[in-house]
Amino acid sequence: MEKTSVLIKSKELMEIYELKDGVPYFKTYLSGQWISGDEWQDVISPIDLNIIGKIPKLNWNQIDDTLEHIYRKGRWSIRDTPGEKRLDIYKKMASLLDKFKEDFVNVLMINNGKTKSAAEGEVKAAIERLLRADLDVKETRGDYVPGDWSSETLETEAVVRKEPVGVVLSIVPFNYPLFDTVNKIVYTTVIGNAIIIKPPSSTPLPILMLAKVMELASFPKDSFAIITIPGRDMNKVVGDKRIQAISLTGSTETGEEVVRNAGIKQFIMELGGGDPAIVLSDADLAWAAQRIAAGIISYTGQRCDSVKLVLVEEEVYDTLKDLLIKELTKSVKVGDPRDPLTTVGPVIDVKTVDEWEKAIKDAVEKGGKILFGGKRLGPTYIEPVLIEAPKETLKDMYFYNKEVFASAALLIKVKNIDEALEISNSRKYGLDAAIFGKDINKIRKLQRFLEVGAIYINDYPRHGIGYFPFGGRKDSGIGREGIGYTIQYVTAYKSIVYNYKGKGIWEYL
């Protein structure tokens, strides 16, 4: 295997790091300044666990100064930039992402362990999200409220404005560092908020490159910053009163920790998932098997909307099981994501694979039967696993109760849709679900009772750029992400009431 290293060809992007002994030391961006560090954090490729770069480990004084600058100046700089200009900036960012596409694809492959097609897909999605910011604009409009619906408010009227809350902290996950950051930038700043971005410690490089793109696109320099500190040091930041809203994509445990420490703020959180796929007796089984297999193995299961439970009506269980095993056998090729034949690359780190192994052992000890995969092929490489799980012990299994961020699915035979509903809804998570079948009455009942944020009919769950809103119920999140839908969580409503009593403007009957 060829040793991993960061390959950046664009001169503009090469300005954000210095090579020392062959290792790139990246700077971070704090409100108009590129900052190096007194301390450094290693960035490790999941492909071979090689150190591919170092990023600054900021201290509290640096973060405090940045918060103060953005609170005092930056939140007004972005608000005073006309909306038309903000849209132009997004378009420039999209153009620059396209210009630097090769560099971003290479870094996503090396830093995230993504296959080339997956990395290209993320860059494409980021570009499309920037270009579709115009669809968010209509949600920045306010309302007019007449006063003649109450005797107390006769001869008055009000305008209800939607205003930016001020400063938004955006905490980005490791799995889609470029797209998720772009998405958070658009819905946060399109209405005029300043943004502070906390990149994932494991995959920060695409975000630091994006900061350069923002600078080149003339994004208001005082209005954004990238704070590179470990997640364990974030409690003081999330609790800071200068931050008015927090946007987080991450685990349920991280979300709970943020809520405990943040105080009174607005939240938008997309948290733990791992979705059920329900297969009805009249489903197109070949199609269902193909789509479910894709939902299990896509990005090695490191997606919040990855398929983790497969619930199959007993009449077609054996057939679906055989077809699913065949699809996995045909689809899975584990290896170096730089190899164009690879379909399943590495998991992000060793500890996640350790947890995956532990969960498999737990499932087998509780009566589970491995139908496919389940082998560890290296420190960060796995064979996606399919486990036949008995209903009697299912709810005691680690995989059922905890989202494991690697390819794994439990296959369960159910008598009917009521049993499928009970098993699905008994989990603490409620992000998405998939239903495969034709019976509209069964599908309609499942739609009504599934406690999830989105349901995909005859396909596996995937959120894309957010044309359709998504988000979790129960422990899977707060609020909804989606084009035009998320602005409400980073918005303050302000009612401005005009009193015209006795001015002769209205003559009521």
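Quick reminder: no glycine exception, Cβ is built from N, Cα and C everywhere.
Copied over from Swiss-Prot:
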BINDING   Arg79, Arg86  beta-D-fructose 6-phosphate binding site
BINDING   Arg79, Arg86, Arg161, Lys162  alpha-D-glucose 1-phosphate binding site
BINDING   Arg79, Arg86, Arg161, Lys162  AMP binding site
BINDING   Asn175, Arg303, Cys304, Asp305, His463, Gly464  D-glyceraldehyde 3-phosphate binding site
BINDING   Lys198, Pro199, Pro200, Ser201, Gly231, Ser251, Gly272, Glu403  NADP(+) binding site
BINDING   Lys198, Ser251, Gly272, Glu403  NAD(+) binding site
ACT_SITE  Glu270  active site
ACT_SITE  Cys304  active site
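The Cβ neighbour count for Gly272 (NADP(+) binding site), using a 10 Å radius and every protein chain shown, is 24. Here Arg161 (alpha-D-glucose 1-phosphate binding site) is compared against the binding-site residues Ser251, Asp305, Gly464, and the shortest C-alpha distance is to Gly464. Cβ neighbours of Asp305 (D-glyceraldehyde 3-phosphate binding site) (same chain, under 8 Å, six or more residues apart in sequence): Gly273, Asp275, Gly295, Leu431, Asp432, Pro461, Arg462, His463, Phe470. Within 10 Å of the C-beta of Gly231 (NADP(+) binding site) we count 15 further C-beta atoms, all protein chains included. Using a 10 angstroms CA-CA radius around Gly272 (NADP(+) binding site), the binding-site residues that qualify from Arg79, Arg86, Lys162, Asn175, Cys304, Gly464 are Cys304. Across the residues annotated as binding alpha-D-glucose 1-phosphate (Arg79, Arg86, Arg161, Lys162), the two Cα atoms farthest apart lie 19 Å from each other. When the neighbouring Cβ atoms lying within 10 Å are counted for each of the recorded positions (Glu270, Glu403), the highest count belongs to Glu270.
The binding-site residues listed here (Lys162, Asn175, Cys304) include Cys304 as those with a Cα within 10 A of the Cα of Ser251 (NADP(+) binding site). Taking the Cβ of His463 (D-glyceraldehyde 3-phosphate binding site) as centre and 10 Å as the limit, one finds 24 other Cβ atoms among all the protein chains shown. Taking the C-alpha atom of Cys304 (D-glyceraldehyde 3-phosphate binding site) as reference, the shortest distance to any of the binding-site residues Lys162, Pro199, Pro200, Glu403 belongs to Glu403.
Binding of NAD(+) is attributed in the record to Lys198, Ser251, Gly272, Glu403, and the widest Cα separation among these residues amounts to 23 Å.
Spatially, by CA atoms, the binding-site residues Arg79, Arg86, Asn175, Arg303 include one closest to Lys198 (NADP(+) binding site), and that is Asn175.
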